[in-house]
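Below: one structure, written as structure tokens.
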Amino acid sequence: SLSAAGAGGFRKRKHDSFPHGPRREGKDVNASSPVMVALQIVSFQQELDARHDKYERLVKLSRDITVESKRIIFLLHRITSTPDMEEILTESEIKLDGVRQKILQVAQELLGEEMHQFHRAITTGLQEYVEAVSFQHFIRTRSLISMEEINKQLVFTTEDSGKENKTPSSDAHDKESGTWRLRITPVDYLLGVADLTGELMRMCINSVGNGDIDTPFEVSQFLRQVYDGFSFIGNTGPYEVSKKLYTLKQSLAKVENACYALKVRGSEIPKHMLADVFSVKTEMIDQEEGIS
């Protein structure tokens, strides 16, 4: 009858409109079930733990890079004459290769990761490495090493890594060429060069103490060029750069005043007393800046 067909049709349409098959019911229940929520929380926790562990490993590597780079800088300050220069430079190059192996481990840790997410963990070590390698380069050539040259030294072959089976990453690993790389950022480079100026000022002090009156003038000219470059950047650069500009200015003033003393009175002062004159000029500059 019509009523029966209508009822049947209603029941059919009701069945079609409100499906309750076991697959859909099971999907809805599983997606919102406490078990699935708990599994998702555990998965997120494991991911966060792995990221924190990686961050801590990078911090430790950065600390090791910082310590070894400082030792290289101390070693380079031991250069007092031309005969022992090549021997110390060769030893420093061997130690720099050891630091680069640490940087290779950083590149391996950053495999498949966004470097800027972990940059805070490694920037201190990279800055100290830039300072050490640029200091060595200045002693060799009396010039500033470029960021491109530094990054060229941070390209490693697969044999250097000692690990063949790795998932390729566009940032850290090139599967076709079989190389690993880590790129120094412009901020790391600028901050490392800013710290280099302090080491050059100390180098100037040591050279004067050894009776070398040529190095202070070479350092003074170089520091003036670096200071002009940083002044050109000004406040448009990173905040840390503007903070170190004041220290750079202090180093330049001390070296220039030493050059002034050597130029005016150098001929009348015995070589063994040059360091004392330089120290007095340095103390006067510090006191004047403290008063101002």
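From the backbone N, Cα and C atoms, a Cβ is placed for every residue, glycine too.
The Mg(2+) binding site annotation in TrEMBL covers Glu131, Glu199. The compositional bias 'Basic and acidic residues' feature in TrEMBL is assigned to 16-28, 160-177. If you look up TrEMBL, you'll see Lys281 marked as SUMO2 cross-link. Sequence annotations record features per position, and here TrEMBL assigns region 'Disordered' to 1-30, 158-177.
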Cβ contacts of Glu131 (Mg(2+) binding site) (under 8 Å, same chain, 6 or more positions away): Ser69, Ile73, Gly192, Val193, Asp195, Leu196, Glu199
Other C-beta atoms that fall within 10 angstroms of the C-beta of Glu199 (Mg(2+) binding site): 19
